[in-house]
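Asks: Straight from TrEMBL, here's the annotation block:
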- 54-142: domain 'Ig-like' (DOMAIN)
- 149-236: domain 'Ig-like' (DOMAIN)
- 239-324: domain 'Ig-like' (DOMAIN)
- 333-428: domain 'Ig-like' (DOMAIN)
- 432-528: domain 'Fibronectin type-III' (DOMAIN)
- 514-682: region 'Disordered' (REGION)
- 525-547: compositional bias 'Basic and acidic residues' (COMPBIAS)
- 560-595: compositional bias 'Basic and acidic residues' (COMPBIAS)
- 609-644: compositional bias 'Basic and acidic residues' (COMPBIAS)
- 653-665: compositional bias 'Basic and acidic residues' (COMPBIAS)
């Protein structure tokens, strides 16, 4: 470059803008003075060192066009310095995703790249100028990591049979690069549909199963990527029930199992069993059983069995269905409602009835007392059979009874292939009834209840008569009648009786031929219970003590009478009161006192007797009664005494008395207790 400047004395100044192209290019400077005769020229050559930052170029493999790469492949990139003045001090790679220096070395290498490595990467180069400043150059490359679609279907989809279902696969794609562009729905290795949405307009139970969605995208090199996910289509449907039971009849005593087989989705949550017996009776057999099992089946288990199964759908709606099967049980005949004695008079018609329950149907055979078979072919006989009230009935009719040959024993045989059962019937003349049998009695203070069973009525309708009599007053017996209604037993309650009194009770059976009676042992009514207001003060105190677990009197082990515990003492009455009582008390024949009384007063206990030794006993107080006591050997069985009412009110054991006695005189019929706790005559 040549610069020419003409001037007298001023300096020549040149300030160009240099570029890297001017480096090492020579600059010539010439100065000429044109006024001189001989021109004077001054010339110099200058060369400039133009410094600049590094020039960079990033090179990738040709297959990674525009930085595109498939996930899992290895990525390589080099950062080349094309030119630099001064020379480059440093070259480095930095990820702009996190501003992290990826690789201080060059080239950049990422093995088996993953999608999280996608993004921008920067190569930077640096040099230092002559004045200490730095030159810096940066180049950026974008890595596009491509990968297959990520499909995440729901684990299952539940619908009811007959409903429509739709599943859109594209809505379940969470990631894809590039985006999915093709879809296939696969079931059992076969393509069902080629759209992103699987649609079934009316679902059948056969549609249930596993469905896979395949989503396709295409990478930079044209190769396809496939992502897939599987869901289960659950088709719910109501129950279909069938019963598995023995096809052939079973014999009574066999083991039988009836299975309730149910096809439903979901399985039933409840089973209900019912049995309809031969007579129409419906039995509820319970729930939550998939089968019924009988270890030893009997005839009562025969009939029609129904199993009802209930299924609950995902929307909490229920649906049930049922099935029935007949359980046929073979069993040998049984004789029911047996009448083993029939009575008719001579020349009357006799009808002998034989009823049987059996399956299969029984056959009947009638035999006389010598074992000969009877048929309708025999003159004067007629045999008929019928089915009524679930029973097989055979009747033998003797049109006119002849005493010489017709009275006696007859055998009815009912038989089938399982077994045989016989009934013996005795044909007798009409007679009086058999004696009733008293089976139970019970008493209260005013009632006696008697229960009895009847015997054979003798062949004529019978009535029952209940009679009873007071054994103490020996009043005339009273009676009441009851009809024989065919019951197994009868009970009659006699009311309005006197407390603590013995009665005789009879039961008579009567027909037109006569009567038979049965008499119970003497029955004694209970003692009368006092009302709360009638209980004397000392009795109430005893009850209070009894509530506290303390009884003033104990029972004698031998006599059953009440006695005072040895460790307690009864207070003796004041002497003045005792004397007054002796003066007022009328004379009466001497008799024994109750075990806990002495001379009309509470006795001292055994300890007190031992302590006092020779102390004399008080003379016995006399008691007036209407009739003298009965003369029994046992002292405890003598007639009423002065203190009898006292211990009756105390609910103590009274002396045993097998004979009726009269009430004590009214002077001592009522007893009161003073606060001292001693009996006082009123």
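Counting begins at 1 with the first residue displayed.
Backbone N, Cα and C atoms are what each Cβ position is placed from, and that goes for glycine too.
On a predicted model such as this, the values are computed, not experimentally measured, just so you know.
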Asks: Would you mind giving the whole-number mean pLDDT across the domain 'Ig-like' (149-236)?
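Replies: Averaging the confidence scores along the domain 'Ig-like' (149-236) gives 94.
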Asks: Of the residues in the domain 'Ig-like' (54-142), how many are helix, strand and coil by DSSP?
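Replies: Across the domain 'Ig-like' (54-142), DSSP assigns the residues as follows: 6 helix, 53 strand, 30 coil.
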Asks: For the domain 'Fibronectin type-III' (432-528), give the DSSP counts of helix residues, strand residues and coil residues.
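Replies: Secondary-structure breakdown of the domain 'Fibronectin type-III' (432-528): 0 helix, 50 strand, 47 coil.
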